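Participant: Would you mind keeping the following structure in view while I ask a few things?
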Amino acid sequence: MPTYRSATTTHGRNMAGARALWRATGVKEDDFGKPIIAVVNSFTQFVPGHVHLKDMGQLVAGEIEKAGGIAKEFNTIAVDDGIAMGHGGMLYSLPSRELIADSVEYMVNAHCADAMVCISNCDKITPGMMMAAMRLNIPVIFVSGGPMEAGKTKLSDQIIKLDLVDAMIQGADPTVSDAQSEQIERSACPTCGSCSGMFTANSMNCLTEALGLSQPGNGSMLATHADREQLFINAGKRIVELTKRYYEQDDESALPRNIADRAAFENAMALDIAMGGSSNTVLHLLASAQEGEIDFDMGDIDEMSRRVPHLCKVAPSTPKYHMEDVHRAGGVMAILGELDRAGLLNNQTKTVLGLTMQEQLAQYDIMQTEDEEILKFFRAGPAGIRTTKAFSQDCRWDRLDDDRKEGCIRTKENAFSQEGGLAVLSGNIAVDGCIVKTAGVDEENLKFQGPAIVFESQDSAVEGILGGKVKAGEVVVIRYEGPKGGPGMQEMLYPTTYLKSMGLGKACALLTDGRFSGGTSGLSIGHASPEAASGGTIGLVNDGDIITIDIPSRSITLDVPESELQARRAKQDELGWKPVNRQREVSFALKAYASMATSADKGAVRDKSKLEG
């Protein structure tokens, strides 16, 4: 029978000092012996996805204490990728994931907490906490802050839906008037919550449902809706049950590695492919699997991308649907239900509710259940009122979107495409693979060939695009922006946005060893591995070299003879794999990150071999 970890600090005469300090935090005499549960919050006023989380920790804590636990809250950092984007701040985004994972480990292990409730929301916070959860392997439940409502504005006598990416594109488009750009900017992000499309934050929060680590609705219920409060309340109650199951009943099925096992990671990736999620999710799933010592790699993702169809199309891949529409169509449980009916789901995986996924779908898939409360839950909709407050409205759609032929979520037979929304490409320019979000690629661009125009940084690429150096038909190559070379693997949303604003969005391809925002669409290929700084072939590309992209064949090729590549490699080995004439200040903290960073095909995690004796 496992012993409560917290007993290390609460039992025995030699722990008198620790107990004295616990008492100073409010622990009462009869509390000693109860499980100590860490409430891992990420409230910050810097990030709209987290600005409403201030009171959420105490809401969860209250339920933990009612259920017989001791709740102790702490906060992690949280970087807003949108605000950090387009300048040196983006260098810090991906490295913050490792800091978050480490800080959770530090706090939980230093104080011997027995379990965790992770209150996350945005891009690197959910992955960082997930890495920590898989690393620590103590009972955990995730509950996120929820998606933002889609923005709305009236243009040309039509009401249109908006999101952050619309504001960015219009702001860079020289044909858009200042007045129209400002109108869109003011309407794009109306409420608290994670940005309203299927960007990285919402993709990751959806994946926690598929992994079994969060409750149904976690990924899709709006941040502003009153129904979301119940997810926090239930998380507080449920974590105490999970904790007691493990420590008092020796039930290891309550542990995250036994819930989010390999089969669950396959489910999460299947969901990601089916919903056309952010390509960043590949990084984070690979990293989390490694933390959980689960054998799951790019080969698995490649295999799944060939057989899982694209069942749900959401902004930025279409302006028609946002997260509020996904929820109306039944949310993650509805997509998983369609995958299950198509024979593409491992339905015997476990969940934090103590059910198998099959049992959970029977209760929560709107195409199966007749439970009126569940159906009402998925009719929760937006209010259209600007606010930074959680649970501030109780609006409902008149009816659910259960149209599986032409609606937001579709059956396999009526899929947006029979191949999924993400694909792994490989070839001599990326021998360990690269990622493209096929959900955002127009059909005429699935095959593309053109001459390279090479930039040594995102900054120079932006300058080149806006300065008219990039021409239709070219492949824009941005290198030395990988985990090590950046360092920090910046998102390339501005280059892709500016290509669109310059009328080149469908006329050019973009290849990088950096990554893309979940808001990116178009023929944008990232995560080229190995990265340039690690000797990847992307570092050998010259202006004018022909690059051939064939998504149906999953290939990407630099059309240069091998003998020429070998000669270039020998020369580059002498020069060192560094960008030419790039002016960038790199702090000691970022240099420390770069010194251990692996390429994207490994999840951009730290190279553990450098620590092994």
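A Cβ is built for glycine as well, from the same backbone N, Cα and C atoms used for every other residue.
For SER517, the entry in Swiss-Prot reads active site, proton acceptor. Annotation source Swiss-Prot lists Mg(2+) binding site at ASP81, ASP123, LYS124, GLU491, citing sequence analysis. Annotation comment: Swiss-Prot describes CYS122, CYS195 as [2Fe-2S] cluster binding site, evidence class sequence analysis. Annotation comment: Swiss-Prot describes LYS124 as N6-carboxylysine, evidence class sequence analysis.
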Participant: Compute the mean position of the Cβ atoms of ASP81, ASP123, LYS124, GLU491, which form the recorded Mg(2+) site, and then list in sequence order the other residues of that chain whose Cβ is within 8 Å of it.
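Facilitator: Going along the sequence, the neighbours appear as VAL79, ALA84, MET90, SER93, LEU94, CYS122, THR200, ALA201, ASN280, SER517.
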Participant: Listed binding-site residues are CYS122, LYS124, CYS195; which of them have CA atoms within 10 A of the CA of SER517 (active site, proton acceptor)?
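Facilitator: Final answer: none.
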Participant: Taking the Cβ of LYS124 (Mg(2+) binding site) as centre, how many other Cβ atoms lie within 10 Å?
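Facilitator: Excluding its own Cβ, the number within 10 Å is 31.
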Participant: What Cα-Cα separation, expressed in whole Å, is found between ASP81 (Mg(2+) binding site) and CYS195 ([2Fe-2S] cluster binding site)?
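Facilitator: Taking the Cα atoms only, ASP81 (Mg(2+) binding site) lies 11 Å from CYS195 ([2Fe-2S] cluster binding site).
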Participant: Taking DSSP as the reference, which of helix, strand or coil describes GLU491 (Mg(2+) binding site)?
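Facilitator: DSSP call for GLU491 (Mg(2+) binding site): strand.
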Participant: What's the number of neighbouring CB atoms sitting within 10 A of the CB on SER517 (active site, proton acceptor)?
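Facilitator: So the number of other Cβ atoms within 10 Å of SER517 (active site, proton acceptor) is 31.
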Participant: Which has the fewest other CB atoms in a 10 Å radius around its CB: CYS122, CYS195, the listed binding-site residues?
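Facilitator: Each of the binding-site residues CYS122, CYS195 was scored; lowest Cβ tally within 10 Å is CYS122.
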Participant: Tell me which residues of the chain lie with their Cβ under 8 angstroms from that of GLU491 (Mg(2+) binding site), as long as they are six or more apart in sequence?
Facilitator: ASP81, MET85, MET90, SER93, ASN280, GLY514, ARG515, PHE516, SER517, THR520
Participant: Just to verify: the residue among ASP81, ASP123 with the fewest other Cβ atoms within 10 Å, which of the binding-site residues is it?
Facilitator: ASP81
Participant: Between LYS124 (Mg(2+) binding site) and CYS195 ([2Fe-2S] cluster binding site), how far is it from one CA atom to the other, in Å?
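Facilitator: Here the two Cα atoms are 14 Å apart.
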